[in-house]
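Novice: Among the features that TrEMBL reports, domain 'GOST seven transmembrane' is placed at 185-392. Residues annotated as signal peptide in TrEMBL: 1-17. Annotation comment: TrEMBL describes 160-181, 188-211, 223-247, 259-278, 290-309, 339-362 as transmembrane segment.
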Amino acid sequence: MLRRCLQAWCAIVLCEALVKDVDFQMNNHLVKELEVEYGLELGGTITIDLQNRHPANDTYLMILSYGQWLQWRTTEMAPLTGVQPQAKDPFNAYLVSSWRGVLWDHLQGTFRVEESNGGRNRYTVLLVSALRSSIDVHGQLTFENPGNGQLPLQDIDVPWALGLAAGVYLVTALLLSWSLLRSTALHSLLFLVLFLRGLVMMLQWLDFFLVGLNGKESTFAEILWQLFGKVQDISELMMFLLISLGWKVLRPHLDISEIRFAVAISIISFYLGVFQVACTTPSTCSGYQLSRYILHALCYLVVIVAMNFNLQKLVSAIADAPATVESGKLYRKLQAYQIFRWVFLLFIVAPTFELFLKVTIIPWDQEWLYVLVQELRAWVIYLVLVYAYRPNPAPLRVFELTERSDGSDRED
């Protein structure tokens, strides 16, 4: 439904194809990736309009299908001039491409997808300088699928999946909000995590909508949802950490050292996240992302240790406690932490399983399935935690009967 509405809106305002601005300098480099794995249907086109301020006759623009791109990636990029004769796999000048053009000072051309040059596929646009010349390129690349489609083929159905996920998260957060007046700060944190997840999904949908509306990627919209995504990641991490430490479940307050640890993790993670969003080179972005993963992995270890410690603490308390209603509350807390243990295990293992599904089972042009699987898993995790740590759960029936039996004995 969302996809149909988007297509109808684009037809009304006469949207153009997706336009990607190109403006960069390259010196002593072989290859520059201008666009990677853009899905095109039969009849789709890539229109090239580039200028080179430093003309060089060794500069080529190349369009490769997915299979051709895989061959390029497995080839060691050594220059043709024999500067690196020691390379195991010298640069292969005979690698096949679907389209190529010489960029001397100006290059204009159109690549149309046909069965003979790759068909319905993911296409990568490269700029190759065989002699590593100094070049200064600016211009535009225009991508268009049949029917004035602005999105890559694999992303056409992603907006409605994001809209559906956003609606489910926000409705769940709204249903949870009614109990906040009689709940603790932990339930407010659960509400915040759900709300932020829904907000991030909505901002992602807005980013896709603006691409379809304007024909250009919105840097502001992309940065906005990525920043809110980092904040949501931190709130999710703090949710697991605080629950494992027993905050508002086993004790009302945390120690000062625990507070400092949580605040430090949040600040450092946000700092790395902001720089990851703002970075401009793939190597720098990967460095910030790896640092953030290591930081979160450290926090996950703390969650595992604290969770098992509190489980053992509850088991010991129940073993020494008499059969009273208070013991029933301890049993409820023990059940909640046992559920939490399995939920956290699912949270750790699920991304690997989802990636396996994406690589082996989910078709490349059905990215929306991968999005729905991810969001369904996250929604189930949040919902189970909301249920496990719901405010004022009913005590176990057996302990109420024990209390009534003791009262009857005293009356006799």
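Using N, Cα and C of the backbone, Cβ positions are placed for all residues, glycine too.
Automatic, uncurated: that is what TrEMBL annotation is.
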Novice: Of the listed stretches 160-181, 188-211, 223-247, 259-278, which one has the most C-beta pairs under 8 A with the transmembrane segment (290-309)?
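Specialist: Against the transmembrane segment (290-309), the leading stretch is 223-247.
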Novice: So what's near the transmembrane segment (223-247) in sequence-distant terms, Cβ-Cβ under 8 Å and 6+ beyond its ends?
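Specialist: Distant Cβ neighbours of the transmembrane segment (223-247) are 186, 189-190, 192-193, 196-197, 199-200, 203-204, 206-207, 253-254, 258, 262, 265-266, 269-270, 273-274, 276-278, 296, 299-300, 302-304, 306-307, 310, 340, 344, 347, 385, 389.
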Novice: Taking a Cβ cut-off under 8 Å, which residues six or more beyond the ends of the transmembrane segment (160-181) line up next to it in the same chain?
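Specialist: For the transmembrane segment (160-181), the far contacts come to 1-3, 187-188, 190-191, 194-195, 197-199, 201-202, 204-205, 208, 368, 371-372, 375, 379, 382-383, 386, 390-391.
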